[in-house]
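Taking it in order: structure first as structure tokens, then the write-up.
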Amino acid sequence: MKKNVSLTRYLVEQQRVDGLIPGQLRLLLEVVARACKRISQSVNKGAIGDVLGTAGSENVQGEVQKKLDIIANEVLIEANEWGGHLAAMASEEMEGIYLVPNRYPHGEYLLMFDPLDGSSNIDVNVSIGTIFSVLKKPEGHPGVTEQDFMQPGTQQVAAGYCIYGPQTTLVLTVGDGVSMFTLDREQGSFVLVQENIRIPEDTKEFAINMSNMRHWDTPVKRYVDECLAGVEGPRGKDFNMRWIASMVADVHRIMTRGGIFMYPWDRREPNKPGKLRLMYEANPMAWLVEQAGGAATNGKQRILDIQPTQLHERVSVILGSKNEVEKVTQYHSEA
């Protein structure tokens with residue numbers, strides 16, 4: 001791997017040498033990265049910048065919005081609306097789609113994002129992040145409708161996340177493996193630190209909110225019980241449990257050293273298939289994980305094959321090290 005390769009140079013080389021990234025997509029990804037730098041600056045200021053605490057409003061899901069939720073959402077919209085790369089955007093924080101205003105040129109891409117994942121951790125200074133996904137606008141009709149966003153995850157042309165932790169790190173795929181970039185604040189740009197990330201097929205770490213165990217379905221309970229049984233149990237090895245309550249942070253750990261992340265269906269909301277959003281969280285993370293050699297399902301079906309029917313559709317998520325995800329999926333099929 002070459003040293004000190006900036007994100008811009010990396011994307012240009014991907015476009016020039018490999019032909020993987022069309023010019024407009026390259027420019028779009030650079031704009032998203034710049035927006036993430038701005039969000040990182042706001043996160044870093046914390047109380048000094050008066051960005052902590054709640055905003056006194058709720059999002060479309062009925063969740064209390066943090067000030068930084070709104071700031072991050074506005075940053076992403078303002079950064080991306082005028083560049084000519086997009087036709088429309090959709091955000092976890094907005095009820096409907098956001099059409100690029102007519103005063104700006106329109107592009108061929110659709111951008112979806114969770115502007116600040118894990119925002120319950122903002123005030124306690126735990127890692128949070130931005131998740132994004134890019135689709136191509138379907139051809140054959142003028143304008144953009146919500147239906148244009150109803151594409152399975154297999155149709156993504158780019159996906160990534162930016163984690164705001166001890167370092168600000170951008171993780172990206174355009175369908176040719178996963179690369180990681182760390183923000184060099186002195187240089188002012190993201191710098192390539194790892195290419196072709198691979199998630200180990202086996203692991204001894206699982207991430208799940210154990211306080212909800214009584215609400216889980218039998219297959220998930222079975223899997224976790226076997227992990228807890230340790231070396232004396234049917235798995236024959238001891239497991240560690242991790243849970244940060246920030247999907248970006250939990251998935252980033254899996255990208256770095258393996259593991260399995262589970263946010264399953266539970267009985268408290270039996271009519272909802274899960275908690276996480278398919279379009280803004282599950283699809284981009286599932287594609288990243290698969291591109292790194294892992295797997296991602298809802299327990300029964302590959303996440304990327306799910307056909308969305310609504311903008312804020314929810315889904316159960318089981319992703320990470322391939323053999324462990326297959327084990328949980330097997331238990332669902334046997335139930």
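Glycine is no exception: its Cβ is also placed from the backbone N, Cα and C atoms.
It should be emphasised that the depicted structure is a prediction, and the values quoted were computed from it without experimental measurement.
Per Swiss-Prot, Mg(2+) 1 binding site is recorded for Glu92, Asp114, Leu116. DSSP classifies Asp114 (Mg(2+) 1 binding site) as strand under the three-state reduction.
Taken from Swiss-Prot, the feature Mg(2+) 2 binding site applies to Asp114, Asp117, Glu281, supported by sequence analysis. On its own chain, Glu281 (Mg(2+) 2 binding site) has Glu92, Asp114, Asp117, Ile131, Met247, Val317 as residues at least 6 apart in sequence with a Cβ closer than 8 Å to its own Cβ.
The substrate binding site annotation in Swiss-Prot covers Asp117, Gly118, Ser119, Ser120, Asn209, Lys275. Just so you know, the Cβ of Asp117 (Mg(2+) 2 binding site) picks up 28 other Cβ atoms within 10 Å once every protein chain is counted.
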Remaining residues near the recorded Mg(2+) 1 site, that is with C-beta within 8 Å of the centroid of the site residues Glu92, Asp114, Leu116: Asp69, Ala72, Asn73, Ser91, Glu93, Phe113, Pro115, Asp117, Ser119, Thr130, Ile131, Tyr280, Glu281
Least buried by Cβ count (within 10 Å) of the binding-site residues Ser119, Ser120, Asn209: Ser120
Distance [Cα-Cα, Å, rounded] between Leu116 (Mg(2+) 1 binding site) and Lys275 (substrate binding site): 16
